[in-house]
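Shown next, in structure tokens, is the structure this report addresses.
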Amino acid sequence: MEAWNLTHSVSMWDNLAAFWRFEDINALWVLSGSILLGMSASVIGAFAFLRKRSLIGDALAHAALPGVMMAFLLFQSRDPVVIFFGALLSSFVGFFIIDWLPKNTKIKPDAALAITLSFFFALGLMLLSYIQGAELENKSGLDKILFGQAAAMTESDIHLLAYVSLFILITVALFFQKFRLIAFNRIYAQSLGISVKSYELLLALLIVMSVVVGLQLVGVVLMAAVLLTPIAATRYWSNQLTPMLLLASTIGALSALISTQVSYLAPAMPTGPWMVVSLSLLFMISLFFGTNKGLLKRWLETRALRKRVAEENILRTFYKLSERQQERESFSMADVQGMRNMQASQLHATLDQMLRKGLILSQSGGYRLSESGMQQASQLTRRHRLWENYLMQQAELSPDMVHQQAERMEHILTADEETKLQAELNSSHADPHGQPIPQGKGERHD
Amino acid sequence: MSPTQTIFPSHPPLSVKQLSMRYHHKPVLTDVSFSIPEGKTIAIVGPNGAGKSSLLKGIMGLESIIEGEVKFFGEDLNRKRLATAYVPQREEIDWDFPINVMDVVLMGRHGHLSLWKRPSRIDRDIAEQALKDLNMWEFRDRQISQLSGGQQQRVFLARALAQQANLYLMDEPFAGVDVATEKAIIELFSQLKQRGKTIVCVHHDLNTVGEYFDWIVFINARLVAAGPVEEVLTPENLAKTYGGRLSLLNDLTEQLYRSKVNKIHDEGA
């Protein structure tokens, strides 16, 4: 620690270089410890998240504060093991109150959580201000557990942190199957005779442990984010729990790496906020760019759908135009707009796109369907009119209403569904408006 | 009688004696007693709020009962866990959970697996067979939110099947399923019956109850009737079950629970 205070005035680059040369063995310890914590907290937090008990981590972290202060007051020591057990004890007391209140009184779980959280936090703050006013040795740095300070951690702090994190990771790996079963379907797990209560207690113990060892790094106030943000981010990448857990622990580790770095470069900066901000950035990246329902992907899909629907609508318009005016060879944009409501700019863009795809051909100042365009247009028209007939047969609707529905349905029907519709209908060759239904492939008739 | 039956006197797969349940002070079920025969399909039938699901949960020890005794093959549930499979209601779980079909069905093997054991090759074979029996094998890698309601129900049934139990307790397996699934379930029932298994279902479609089941237990906060379909599916029993609750009976039972008399009454005895 001392070495760092001395080199404080040196430039940031020198600091960074010194950090990565691991001249200070403590820096290496802090780094690996915080990475382990980032991993274990995000893995154990995943189960709280999946069981829809997300806020429990927040409450337990706040509930640890009075325990830390009491342990310090009683033993007059900053020994990490003493502090750890103090925090563990008071977190568990908080856990049981949160659990007991809704079961035995009229208070609902969310209220029980909020009441317990604020009460314990207030108690912890009172004790902290008492300690700061009192004549006690060793008390400096105790307030750091509010927001976390990696650079202020001692070697023995880090050792404990590393051991506890490893313990959590190993336990989750061992009991993964049972934890997942209980998170997915608690009542079924119970029906199998699995002692759900003991596993839930074990899960609670692991969460409390990870919260308590994380206090010095992340702080009481922000610990919940480290438990929940990683797993929430992974929902935008995967649908399977194992890859999700692996990714969540990577995200946790990455944010730990970033924030520990910052804490060393600028020791005045608290680690917790940096960790949470970097986590939130990773979350936002996932939200926008995730391959599993990420916003960008959804936006692209909607855009592609919009383009396809516009294109198909114009194909249909050309089909109807040539059906009605068979003598004409080509049609103008005005003809198209006469039958289809569409802004000129969008119409223009869509026509260009269709020209490029070879669905329409430009001819004597207008456009007409190409061979492939004609094929697609008659298929769409066939689906449209089949659906109209089907609706007329199955539901009590006017021909007007069935047309509106068919305008939408034509875009999503598949060849398979088309065959099914055909089979359900008596072989009629005209739609409810008297228009002929174009024949599908391989069943031409004359 | 075959020799095995004389050596092991046959107990009914399930017998319930004077079972009572309540929600706070509201009586849910009072003094329900019945026992069911082996190798049959049994429907638990009654109006909404009659306590059908609660009865199943009470029997399985998933909700607490105030009084009563439940025996599985003449024993306590804990000694017959592996012989008993429970299928919860489909609506009770979050189908967005990140898990695929195969992993859900493998959960049926966890009653056989201790602590941190993972499913073995044999467990996987059993789960595979269960999925094939319900025509769901091709969906094994599908994430469960991408299944239709009927397919979700079949996954639940496959999971129960993977338990290889003798008694199956199912909470509304026919609720909100498509025709294909309904047929698959009926087919499954007849296969299970051929192997001497017993099936108890909460059911609320009176049109099909006579066709799908051999036995009926009529419930409306109390037991109305229990017996073979041809004996108990009568207009009188239907009227009793669906003709509204006996309000005085229920009001007074609620008063009894509120007064705590039933708690202290036998203290000195």
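Using the three backbone atoms N, Cα and C, a Cβ is placed for every residue, glycine included.
TrEMBL lists transmembrane segment at one of the ranges A:55-75, A:202-222, namely A:55-75. Distant neighbours of the transmembrane segment (A:158-176): 26, 29-30, 32-34, 36-37, 39-41, 43-44, 47, 80-81, 84, 199, 202, 206, 209-210, 212-214, 216-217; these residues of the same chain sit at least 6 beyond its ends, with a Cβ under 8 Å from one of its Cβ atoms. The listed stretches are A:27-50, A:55-75, A:81-101, A:245-266, A:272-290; of these, A:55-75 has the most Cβ pairs under 8 Å to the transmembrane segment (A:113-131). Away from its own ends, the transmembrane segment (A:55-75) comes close to residues 45, 48, 82-83, 85-91, 93-95, 98, 110, 113, 116-118, 120-121, 123-125, 127-128, 131, 139, 142, 145, 204, 207-208, 211-212, 214-215, 220-221, 223-224, 227-228 of its chain (Cβ-Cβ under 8 Å, at least six residues beyond either end). Residue counts for the domain 'Iron dependent repressor metal binding and dimerisation' (A:371-439) by DSSP state, with H, G and I taken as helix and E and B as strand, are 45 helix, 2 strand, 22 coil. Confidence in the domain 'Iron dependent repressor metal binding and dimerisation' (A:371-439), given as mean pLDDT, stands at 84. Taking every listed stretch (A:81-101, A:245-266, A:272-290) in turn, the largest tally of C-beta pairs under 8 A with the transmembrane segment (A:27-50) is reached by A:245-266.
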